[in-house]
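Everything below concerns the one structure shown next.
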Amino acid sequence: MLKIYNTLTRQKEEFHPQQAGIVNMYVCGPTVYNYIHIGNARSVVAFDTVRRYLEFSGYQVNYVSNFTDVDDKMIKAAKEQGITVPELAYKYIQAYMEDTAALNVEPATTHPRATENIDGIISFIEDLIEKGYAYQSGGDVYYRARKFAHYGQLSGQSLDDLEVGASEHVSTEEVAKKKDPLDFALWKAAKPGEIKWDSPWGAGRPGWHIECSVMSTKYLGDTLDIHAGGQDLEFPHHENEIAQSEAKTGHRFVNYWMHNGFVTIGRDNEKMSKSLGNFVTVHDLIKEVDPQVLRFFMSTTQYRRPIQYSQESLVEAQANLEHLKNTYDNLAYRLKDATSGTDGGVQRQLADFRARFVAAMDDDINVQNGIAVVYELMRFANQYVEQRLVQREPIVAIQLMLKRLVAVFGVDLAVSATEINDEKIKELIEKRNAARAEKDFALSDQIRDQLRDQGIILEDTPQGTRYRKESN
């Protein structure tokens, strides 16, 4: 039984979606004013991995992830670049889709945009005003935070603590408009030159928090099975979403809240962020690092834990992924000389590997324990293919199991599986030299033939074995 750590209750809970076999999941997407950095991508990859495991477990996942395409940051960035806010949004939405595709992130079922839902946002706000949860003030509309009985529950903060924090961050202009420092904006009156829409309260634009309430409930209903995002969104964004949504619908907004840990960088383990200027964009990094390696690096740390970003971590991820790909390739190669037949022992072993993988992942998507099982499967596969005589059916079964389990982490072992790089060639040459030293000429010939089939010609010389790539 899958258990998920619910931020709202601060404990692991058995996962029971509202509708058997179907999961409605909403993940807060990016504000599209720049390229996403590794910290942003952590959330994307973490919850894509959660989605993949849910699908592996047999669920149909309705996955909605939004684009915030209008807010203060968007307006500022558009002005700096000398383009309109819609032009800025288009530019970085395209970049986001390209970068996440490179990381093998499955497209969301729906990618709604705030600017495409203005009518729904206005209607939502009107309903909150009618119910007494919101009020107009000087062209702005604010939510009455204290009126919502459970305000602060998600983040575990008292109203007194929240009031102190809010008072420190409220501008003089806002103090004049708000009835309470805790109140937050649902609609903002337009300033000269800003993008705007007509509304019952005058020209303006939506606040950030209301956008997600409107888009999530529009596509997934009043109650979501899972709502996810970074830990930094817990307050105020997700706290405010709950207040808005439950005040309007009268129903519980979310059954399971999931929040991912940060990516840290440097000796002091600082959180990676644009505001600190210590970020590395995915757009730039994938020009230097294999996107599959970056994906594997991020998807093999449990989503609630922080990730320390470093070159050493990427090198380690690359080595581990290379071992998995080599194993997959070796299985494919041994199919050529495999005999027909089955092996009940192998099937039982594979069933055990799968059961242990599921047990690990069912524990709040514990990918670290899950990948440990995959590495055990890899060692088992390598031991099997090193036998002199192998059977076709067990090899196919091992290969399929390895591919399916690794796919949960967003990596396709079949991609470029037939390609061979210099590192792998040298590894096989060393293995062949060891076989020759032990007078295992059958294995030596097998490795030579394997390389030749992939266009690599070996030449044994007094100075050692050299290789060249066969010309077409």
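We number each residue from 1, going along the chain as drawn.
Each Cβ is built from the backbone N, Cα and C atoms, and glycine gets one as well.
Range annotated as motif ''KMSKS' region' by Swiss-Prot, chosen from 191-195, 271-275, 421-425: 271-275.
According to DSSP, Cys28 (Zn(2+) binding site) sits in a coil region rather than a helix or strand. If you take every residue in the motif ''HIGH' region' (30-40) and average the pLDDT, you get 95. Of all the binding-site residues listed (Cys28, Cys212), Cys28 has the fewest other CB atoms within 10 A of its CB. Ranking the binding-site residues His237, Glu241 by C-beta neighbours within 10 Å puts Glu241 at the top.
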